[in-house]
Amino acid sequence: MMDVEETSTLPLPDAFLDFLKQNGLDPSIYTATDSTPRYIRLKPGYEDFLEEIETDIRCKLERVCWLPNFYYLPPDVRIASSKAYQEGKIYGIDAASGAAVTALDISVGDHVLDLCAAPGAKLCMILDILGSSGSVTGVDIAKHRLAACRTMLQKYGLGDHCRLFVADGTSFSLLPVRVRSDSPLQSENDEFPSGENSEVYREWKSRRPWKERKKEATAREKSVSKLFSPTQEPELIFYGRYSGVVGLTKNELYKKMPMTEVLQLGYDKVLVDAECTHDGSIKHVQKFEQWGWTTLQRRVLDAERTDDLTILQLQLLINGFRLLRVGGVLVYSTCSLTFAQNEDVVERFLSENTSAELLEITAAKNWPCKSGRIQKTLRFDPLTSSTSGLFVAKFTKLAI
């Protein structure tokens with residue numbers, strides 16, 4: 001893909017080398033970062049601006065032949081200060097992450113759930129693909145990270161069909177609101193019923209009314225902990241004009257649905273890009289050289305932390321699948337390359353969910369990746385794919 005000499009000679013501690021050996025991983029993937037390109041996605045509709053963008057970033061963009069709208073450039077090129085980035089024409093997203101979104105096979109009108117939405121690049125790509133149809137629900141447990149997603153949506157003009165909830169992905173239970181994209185919006189002059197739970201959501205404004213901001217500030221002050229609790233009600237921090245929220249009351253938005261309705265009215269597509277040890281993110285691992293290898297021991301190699309993460313990953317996968325309609329598609333991915341956080345989670349999930357079936361990722365026929373330990377699962381890594389490390393598995397829900 002790129003002819004760049006490998007110059008990194010990152011010294012890896014023995015404990016980490018043993019960890020790699022246990023997972024069948026080649027240590028040289030962590031010295032391939034200088035030959036791994038940087039990827040950007042060109043926002044649809046800006047193809048005619050390609051030469052202008054290249055002039056702006058002073059670099060030739062090479063098309064990624066196996067992934068539409070993706071381009072690669074040398075890893076040392078910075079785009080944050082470029083006009084194209086600041087105007088929302090391009091955004092950074094690794095090609096492997098783009099492959100995970102592509103595996104969802106998103107169609108016009110789909111209602112999509114991104115259960116671990118932050119930091120937001122995949123969320124933007126999903127909305128890019130949907131265009132002016134369907135809806136996307138983004139969920140994340142960290143409010144500050146989800147607020148960054150909100151900023152991205154507004155920057156790229158992608159928020160009309162999206163709503164964002166601060167919530168625990170293992171217990172989130174709200175279904176999509178299936179409305180037409182041309183549904184009428186509520187007028188500022190419309191009369192609304194009284195009562196906190198019967199107030200109708202008006203069109204979102206980035207500058208919230210003073211009373212709402214005061215109410216939110218008071219709620220924050222009363223909060224004992226800044227961490228989201230599984231027992232807390234999901235907090236809606238953004239909604240677009242065509243996300244299905246405008247015109248609803250709070251009671252209507254938060255209405256619980258019986259499982260029989262979930263099977264028919266659940267999400268068409270679900271992405272579970274689960275929290276993990278990030279050991280497949282080569283640049284992340286390289287940071288430990290500055291942070292100290294003892295930090296790597298605690299965050300990546302510690303067996304107790306890994307056990308906790310695999311439990312969380314399984315719970316996220318189970319809940320994402322619960323919210324999927326029959327015949328829908330769920331993609332599970334992590335940027336870990338370990339068996340425990342990938343194939344082992346998939347095997348346990350399949351053993352406990354008879355309505356789940358692994359699907360072939362048909363789009364992957366020309367992808368530069370290799371098969372996982374389980375047939376139909378995929379793995380990306382710097383040596384094989386010239387991308388960051390990523391595991392991808394695709395499921396559907398059967399009617400049983």
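Cβ coordinates come from backbone N, Cα and C, glycine included.
According to TrEMBL, the protein has these features:
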type	residues	note
DOMAIN	25-398	domain 'SAM-dependent MTase RsmB/NOP-type'
BINDING	Asp140, Asp168, Asp273	S-adenosyl-L-methionine binding site
ACT_SITE	Cys335	active site, nucleophile
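Annotated pair Cys335 (active site, nucleophile) and Asp273 (S-adenosyl-L-methionine binding site), C-alpha to C-alpha distance, rounded: 8 Å. Binding-site extent for S-adenosyl-L-methionine: residues Asp140, Asp168, Asp273, maximum pairwise Cα distance 14 Å (rounded to the nearest whole number). Just so you know, of the binding-site residues Asp140, Asp168, Asp273, the Cβ with the fewest other Cβ atoms around it within 10 Å is the one at Asp168.
Cβ atoms within 8 Å of the centroid of the Cβ atoms of Asp140, Asp168, Asp273 (the S-adenosyl-L-methionine site) belong to the same-chain residues Leu115, Cys116, Ala117, Ala118, Val139, Ile141, Ala142, Ala167, Gly169, Glu275, Leu316, site residues excluded.
In the predicted model, the domain 'SAM-dependent MTase RsmB/NOP-type' (25-398) has a mean pLDDT of 87. Of all Cβ atoms in the protein chains displayed, 25 besides its own lie within 10 Å of the Cβ of Cys335 (active site, nucleophile).
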